Amino acid sequence: MSDSMDPVRIGILGMGTVGQGTVRVLARNAEEITRRVGRDLRVVHAAVRNPARLEALDLQARISTDPWAVVRDPEVDVLVEVMGGTGLARELILAAIAAGKHVVTANKALLAEHGNEIFAAAQQQGVMVAFEAAVAGAIPIIKAIREGLAGNRIQWLAGIINGTSNYILTQMFREGWDFQQALTEAQRLGYAEADPGLDVDGGDAAHKITLMASIAFGIPVDFAHCHVEGIRALERDDVVYAAELGYRIKLLGISRRRADGVELRVHPTLIPESHLLANVEGPFNAILVESDAAGQSLYYGRGAGGDPTASAVVADLVDVARTMTADPSNRVPHLAFQPDALSALPLLPMAEVESAYYLRIHAHNRAGVLAQVATMLAEHQISIEALLQKESPEADTVPIVLLLHRCREGDLEQAIRRIEALPVVARPVLRLRVESLAEQ
Ligand code: NDP
Ligand code: HSE
């Protein structure tokens with residue numbers, strides 16, 4: 001390990017969008033960063049599959065195609081993992097921790113699935129695993145929740161935390177693009193994951209809300225119990241109908257503490273068009289946090305891309321460099337609460353969640369359909385707040401759009417199964433949740 005005034009020596013795994021962004025930001029702001037840390041931050045070794053990618057970068061460091069060479073390099077004090085994946089990346093990080101190296105990672109999938117194991121190993125070795133870049137790109141939301149709100153009891157958080165799906169929904173609404181056109185452009189702009197299914201099917205947002213819930217409520221990381229729905233089932237018509245009713249559709253990650261447990265969910269959600277979150281557009285992210293002392297606080301910024309994500313990686317490197325010499329027991333805990341003080345609050349099933357709802361029902365154009373649907377909902381104690389019926393004399397089916405008052409999701413699911421069984425109902429019912437996100 002180096003002397004306290006020597007440069008902090010960094011090894012980087014992965015030199016793609018985030019890795020190259022990190023090298024650029026470290027170089028561009030080197031003087032400013034050294035003034036803040038009191039030491040230089042120097043990249044000494046980087047791993048990439050295809051070194052030709054680095055020709056345009058003026059990187060004065062050893063380059064390897066084998067990531068193990070970086071992890072095993074005794075010259076490396078801090079490992080930055082920005083290659084992605086949950087298999088090899090997990091092995092490399094655990095090996096680095098075992099070798100006494102601090103770790104900075106942007107890999108939300110890895111931490112959501114293996115965070116408990118990785119944080120426990122780091123705790124045992126007295127090293128840090130910093131992950132600001134894993135959630136909401138440039139927005140310092142981990143630091144805000146873990147440190148800035150440390151005096152609060154957090155009640156809930158709700159966020160637009162996937163830039164790709166927010167970009168797609170924005171382009172569908174603003175430009176009338178279809179889903180595939182918007183996704184292709186999001187990929188071209190570097191917002192999407194290597195597997196864009198993680199973005200549009202909600203997995204990426206689920207990884208992020210899982211991590212935020214852990215640090216907000218002091219619970220172990222439990223991705224397996226996160227409820228996940230993406231935006232693939234949405235049609236442009238839904239965006240238009242929601243607008244007619246005064247709402248925007250956003251893919252939200254939501255986690256709420258209740259007396260009997262914690263809700264943890266990702267799904268497309270209607271939110272009032274006047275709400276600040278409804279106006280977060282394109283690749284931007286925003287997270288709304290409600291806590292007892294601060295009330296509501298909102299965190300907004302760029303959620304994806306090279307430089308924005310590098311901003312968070314470099315902030316973590318600065319934090320790590322500053323605390324390298326501090327007693328490990330006096331550092332900020334990985335999950336915000338002391339490891340032996342994590343709560344055993346259970347994650348709640350979706351049937352127990354209460355929300356208002358939007359339903360799109362495609363029915364054959366016959367008299368009395370609406371009355372049948374309303375009766376079935378009423379039999380489950382569910383009442384209708386608003387209705388849109390699109391008349392189309394030439395079409396065989398017509399969409400009926402309903403806004404429902406708050407009810408228990410388990411009750412609504414039973415009503416939907418009965419509605420779908422009606423001979424006049426032509427397609428599966430689309431069910432979206434509606435949240436007011438009001439201060440409570
Ligand atoms: P990229 O695909 O752009 O880059 C991945 C890099 O890792 C590439 O340089 C690739 O090498 C390298 N790599 C992958 N596997 C290996 C291996 N086995 N050995 C050596 N090098 C390897 O990904 P991103 O930079 O976009 O994302 C990296 C991580 O950051 C992911 O975990 C992602 O979820 C996360 N993240 C990304 C954000 C973004 O906006 N892009 C935002 C926040 C987090 P090669 O180039 O030769 O293929
Ligand atoms: N694919 C992610 C997104 C990158 O679109 O938000 C940032 O985590």
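Just so it is clear, glycine is given a Cβ too, placed from its N, Cα and C backbone atoms.
Just so you know, TrEMBL annotations are computer predictions that nobody has curated.
Lifted from TrEMBL, the feature list:
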type     : residues : note
BINDING  : Lys108   : NADPH binding site
BINDING  : Glu193   : L-homoserine binding site
ACT_SITE : Lys208   : active site, proton donor
DOMAIN   : 358-433  : domain 'ACT'
For the residue listed as 'active site, proton donor', what residues in its own chain, 6 or more apart in sequence, show a Cβ-Cβ distance under 8 Å?
Lys108, Ala112, Ala134, Val135, Ala136, Gly159, Ile161, Asn162, Gly253
Neighbourhood of Glu193 (L-homoserine binding site), C-beta criterion under 8 angstroms, separation at least six:
Gly84, Thr164, Asp199, Asp204
Under a three-state reading of DSSP, tell me whether Lys108 (NADPH binding site) is helix, strand or coil.
helix
According to DSSP, which kind of secondary structure is Lys208 (active site, proton donor) found in, if we only use helix, strand and coil?
helix
Taking the Cβ of Lys108 (NADPH binding site) as centre, how many other Cβ atoms lie within 10 Å?
28
